[in-house]
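Features of the protein shown, as given by TrEMBL:
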type     : residues  : note
DOMAIN   : C:8-132   : domain 'Na+/H+ antiporter MnhB subunit-related protein'
TRANSMEM : C:7-29    : transmembrane segment
TRANSMEM : C:35-56   : transmembrane segment
TRANSMEM : C:68-92   : transmembrane segment
TRANSMEM : C:112-138 : transmembrane segment
């Protein structure tokens with residue numbers, strides 16, 4: 001039984017490392033996407049995806065260091081990235097982020 | 001435990017917050033500023049009296065004991081500097097309403113003014129290296145606000161320079177603190193001092209010390225890091241220039257004095273020897289700058305640099321004469337630099353230009369102003385019996401005793417040239433026939449002369465009353481030279 | 001005239017903004033013992049208000065939230081400094097803090113600390129500063 005437990009622990013550790021590497025690679029690729037574009041919406045999508053990746057990173061970190069304190073952080077990053085994407089999207093569509101008067 | 005030590009920080013902070021509410025009502029703001037600054041001045045007088053009778057006041061905030069909590073150490077040196085700061089601030093508060101700030105006053109001038117005082121007082125009192133950084137940031141934030149106030153094109157350019165150089169040095173400051181924390185494992189200055197003493201400041205510690213010196217030298221405008229100072233100090237209003245010139249660079253040099261008398265004092269041949277040469281070069285290059293220009297604001301701004309050089313010379317010699325000379329000169333220079341900046345502000349206002357070549361004969365209209373400038377030139381250059389003389393005498397005595405003859409000669413020559421650079425303003429600006437005034441109208445200097453004269457009185461008293469002041473300064477110097485007293489009083493061993 | 005379709009944004013905003021505000025209050029209250037506090041709570045609140053600004057435009061939100069955000073800065077600062085000043089009244093070292101357990105009608109037994117008041121001050125200051133910055137940039141045409 002103990003052997004099995006140790007094995008699962010080990011599997012968890014290995015898969016965590018694999019996930020970290022995967023996310024790191026995807027973040028680098030996304031950064032490249034942000035730089036080359038070619039159009040602004042591409043960049044916006046890449047930035048949004050980066051936000052999601054960072055959320056995943058925080059989640060993995062909370063598994064890795066065994067704590068539940070990072071759950072709020074995941075939520076917070078999600079919200080901020082949502083706001084950021086929204087602002088970029090609105091800027092791309094309308095040219096302003098906060099309208100003076102909509103009606 | 002005594003909450004007295006935190007009052008110099010908390011009073012300006014409360015004043016600043018109150019004044020934000022009254023921002024749009026300029027008249028009330030002015031009156032409140034004057035009332036608050038006088039209260040702060042009286043409180044700091046009381047604190048000085050208390051410290052000199054009962055000894056150092058130590059406050060452990062939140063009742064966290066010494067190496068763990070944030071410590072405020074109100075010792076004799078800090079209390080004297082707080083008193084001087086509040087004196088300068090009070091004079092500026094009375095000068096400001098007449099200084100032609102106009103619309104700038106309603107753009108949060110007075111709140112920024114008090115935030116600046118908060119930062120400066122905090123930097124003097126704190127006993128914690130990281131908090132020193134925090135208070136540096138507080139005063140820098142306020143100074144960013146003040147320097148861009150009402151900015152034209154030139155002002156914006158110079159303040160950008162000022163902002164960038166300060167951001168860079170702040171970044172280095174945090175890095176240096178992080179290094180130090182990694183090595184000694186604490187940010188409490190007394191404990192750092194103790195631990196550095198244990199290992200006799202080996203290896204990396206001296207390097208960190210030099211890095212910290214670099215940071216403080218940038219803030220204090222020492223050679224070769226002074227290039228940003230003169231031009232950015234002349235662009236704002238004279239009141240703001242006076243505050244900057246009197247307080248900001250002095251906080252930098254005070255930090256050097258504190259850190260290199262308490263913590264890094266075991267490799268004198270490396271660090272303090274360097275200081276002496278930096279001091280000499282600062283004097284030479286500062287005074288060359290002051291002589292090279294005809295802009296009277298720039299002359300005064302360049303004069304900050306040799307003064308800082310003189311103070312650093314005392315720290316470098318690290319003898320009792322040198323240190324007491326440094327402290328004396330520090331207090332003297334805080335007062336006289338603000339006097340000069342404010343006086344030059346008045347001159348520029350009445351003459352309508354800051355170019356010496358376009359001035360002349362002002363003494364016919366403004367005799368009091370002329371003679372005030374004349375006296376302050378004497379005070380600054382160190383003609384006996386004024387305060388500059390006592391400070392320089394002690395400094396040069398210290399340098400002479402430690403065998404740095406070349407520096408003594410440089411110092412004496414610099415003093416002479418400082419006198420010449422200020423006298424140039426007097427000769428070109430005030431002498432001459434009435435015809436030289438041209439069609440210049442006589443303007444009212446009401447409210448501008450009185451505060452400056454008041455401040456100058458203190459400067460003169462500091463020199464004439466040296467008999468009374470000197471023993472106190474001497475005891476502070478003895479206290480500074482023995483870091484063990486500070487460490488014991490904070491850690492209570 | 002070209003009129004963009006804001007329906008999705010507006011509908012979700014009315015939902016999300018309140019979730020955000022709730023989360024902000026949660027973070028503010030959680031701050032004493034776990035991650036959170038006045039700063040991040042204030043940041044999230046200003047995020048929620050920014051969301052409303054983006055969805056409904058300047059004029060409308062100004063009518064809904066008639067607050068002078070610049071005035072929030074000194075109010076928050078007074079709260080924060082006020083907790084320090086309390087030490088002068090109770091004659092304890094500056095910035096001392098205390099806590100106690102109270103029984104409140106709805107919440108039951110909870111812990112209340114004086115550090116909370118400081119956090120509320122920070123909260124107001126951060127909301128004030130963030131909104132002042134955002135609105136200043138938005139107004140700058």
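Here the Cβ of each residue, glycine as well, is placed from N, Cα and C on the backbone.
A quick note: this is a predicted structure, and the numbers were derived from the prediction, not measured.
Of the two recorded stretches, the transmembrane segment (C:68-92) does not lie close to the transmembrane segment (C:35-56), with fewer than three CB pairs under 8 Å once pairs fewer than 6 apart in sequence are set aside. Helix first, then strand, then coil: DSSP counts for the domain 'Na+/H+ antiporter MnhB subunit-related protein' (C:8-132) stand at 89 helix, 12 strand, 24 coil. Residues 6, 9-10, 13, 16-18, 20-21, 23-29, 64-65, 118-127, 130-131, 134-135, 138 of the same chain lie 6 or more positions beyond the ends of the transmembrane segment (C:35-56) yet place their CB under 8 Å from a CB of it.
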